[in-house]
């Protein structure tokens, strides 16, 4: 290898420079795109996260991933279909948040187990159970990948469904004023009465009051903030204090995990595209 690359120091330096410049320019373009046209940016990013891993795993014949990807796609497609129907069925918001909250918790647990297996392997604990290091590491990295990938993908689909449902219910608008006036007895997330009598048809559960004094079903507002990635009031758009909402220390890691997934979106969706662009530039310039 050293003999093959001997005397190519200037070429290698040029390739590194191309990589750095491309990363900087791509980051600036993506930031400007996200700020100026957030809807198209989110839609393209979501599509890439859904398709790019499918291409590589099909090429490598990773059938286990393809099976889980197919199951996820079928269920999520059905849930998304329900969320985008008009008029919105009263049970749909709860169905949507239940599915994505379940997916969020499964991805969280899978990622934690995968990370734990990787750390145990690095410290040699796998040898106690007579497991080969490469087998233990492959298992841990696979679980970590599954957890992070479906966590990122699920959160983005959940955000899209939350926007559709909230705009259909009418108490929330991403831009401008809501189309309906919110009554004190209505939950702005699902559009259903907050308190109902035992003899009436409705949802009976705990409620939560934000600092802006708007009241919601506790399940709805938690789904809106954690799963739907909306850290604002669903009606007046006042900033939600997540630390106050999730005062239980056992719940705070879910919030931090969600923030980690948002950061990893760039690596999952755009990093392969940028690396492919760099390789294309190197090929055009005749660099190896």
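Positions of Cβ are set from backbone N, Cα and C atoms, glycine also.
Annotation comment: TrEMBL describes 187-237 as domain 'RING-type'.
The transmembrane segment annotation in TrEMBL covers 15-33 (among others). Residues 40-41, 266, 270, 274, 277-278, 281-282, 285, 287 of the same chain, all 6+ positions outside the transmembrane segment (15-33), place their C-beta atoms under 8 angstroms from a C-beta of that stretch.
According to TrEMBL, the transmembrane segment annotation covers 40-56 (among others). Remote same-chain partners of the transmembrane segment (40-56), defined as residues 6 or more beyond its termini with a Cβ less than 8 Å from a stretch Cβ, comprise 30, 33-34, 65-66, 69, 73, 149, 152-153, 156-157, 159-160, 265, 268-270, 272-273.
Residues or ranges marked as transmembrane segment in TrEMBL: 62-81 (among others).
Summarising the annotation, TrEMBL assigns transmembrane segment to 102-129 (among others).
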Distal contacts, the transmembrane segment (62-81) - CB-CB under 8 A, six or more residues away: 50, 53-54, 95-96, 99-100, 103, 146, 150, 153-154, 157, 160-161
Segment-level pLDDT (mean, integer) for the domain 'RING-type' (187-237): 73
